[in-house]
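Worksheet: the structure to be examined is printed underneath.
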Amino acid sequence: MRVGLLFGGCSGEHEVSIKSAQAIAKALASDDNQTKYQVSPFYIQKNGVWLGPDVSQQVLDQGVPWGDQPVTAGQRWQFPPEAARMEVWFPILHGPNGEDGTVQGLFSLMQVPYVGSGVLGSCVGMDKLAMKMVFERAGLPQVNYMGVERGEIWSNPCVFPALCEKIEAQVGYPCFVKPANLGSSVGIAKVRNRSELEAALDNAASYDRRIIVEAGLTDIREVECAVLGNENPQASVVGEITYDSDFYDYETKYTDGRSQMHIPANLPKAVVNQIQTMAIQAFKAVDAAGLGRLDFFYQPTTGQIVINEINTLPGFTAFSMYPELWRASGVEFPSLVDRLLQLALDYHGRPGHQ
């Protein structure tokens, strides 16, 4: 079966996508997978231009982005001719224009199966405000939050102080300010007072027109659970992230030695069971498919578990949390990649799931 491995993309998570694609390509080259799949890599430059398998393989081999050249709008409509021959796609594009329903819409339009959630699940999984509304409707406990529009921050200086007062009254300090549609903790800030709030809102507005402000919790443990499947998804063991920084920001995530994964997490069995149940509930609530990583906060002093977010296309390097959780659950990396491709054929190959 001909598999298109799509990576790179126009988001700030371009380099992470390359690393994920390298790991997936290696897994597809395993003895068992080589007999099933013929892989062709396709790299999307930061300027949005698709490159064919020959150059894309060079990017995989070198592990660094391909140099961009000035392009016209018409060049972004040109796809490598080899793309038309792919029977199933494995998109590993992180962030905007990759896991937000855009490329999923393209594949759906072309009526070709692909790994991961469909357009709806991807959209809801990317937009933190929409996601929280869906979680709320599903009865999943969350931290207190409120949504903010860029226009409330930039358009009228007289409105801005009133907005800050509203946030202080409804959410309070400490709180986190986040762009609604970015991943990997890009643009996120922890704030403790009015001056930090003003700066964080201004910064978040430079990334997105929709911003979310969430209440901060104290004495929490950050735990994660991986989900695999379509209509009858399974939950992995639960893992925990620890770090020395103030919060789990971009630098902490992607700097060696700044954070540690503990798999499985040292948690009471009842807590693990509850997290796994909530993970599957959240996965279904957003209409996810194939894979998803669910992030939670656990407060040992109160026993409270609240859902933070779902990532419908999580990092997929050899040492990323998602594959590591499944490895600890008895599913090795090559088998995981194989199962995801089979789930794609099962889900997106049927009517009503495009």
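Any Cβ shown, glycine's included, is placed from N, Cα and C.
Per Swiss-Prot, the features are:
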| type | residues | note |
| --- | --- | --- |
| DOMAIN | 132-342 | domain 'ATP-grasp' |
| BINDING | 168-223 | ATP binding site |
| BINDING | ASP295, GLU309 | Mg(2+) 1 binding site |
| BINDING | GLU309, ASN311 | Mg(2+) 2 binding site |
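When the binding-site residues GLU168, ASP295, GLU309 are compared by the number of other CB atoms within 10 angstroms of each CB, GLU168 has the fewest. Checking each of the binding-site residues (GLU168, CYS175, ASN203, ARG210, ASN311) against ASP295 (Mg(2+) 1 binding site), the C-alpha distance stays within 10 Å for ASN311.
Between the binding-site residues CYS175, LEU182, ALA189, LEU217, CYS175 has the most other Cβ atoms inside 10 Å of its own Cβ, all protein chains included.
The Cβ neighbour count for ASN311 (Mg(2+) 2 binding site), using a 10 Å radius over every protein chain in view, is 23. Checked against GLU309 (Mg(2+) 1 binding site) by C-alpha proximity, the binding-site residues GLU168, CYS175, LEU182, ALA189, LEU217 yield LEU182 as the nearest. The Cβ of ASN203 (ATP binding site) has VAL177, GLY187, ALA189 as same-chain neighbours under 8 Å, each 6 or more residues away in sequence. Note: the Cα of CYS175 (ATP binding site) and the Cα of ASN311 (Mg(2+) 2 binding site) are spaced 21 Å from each other.
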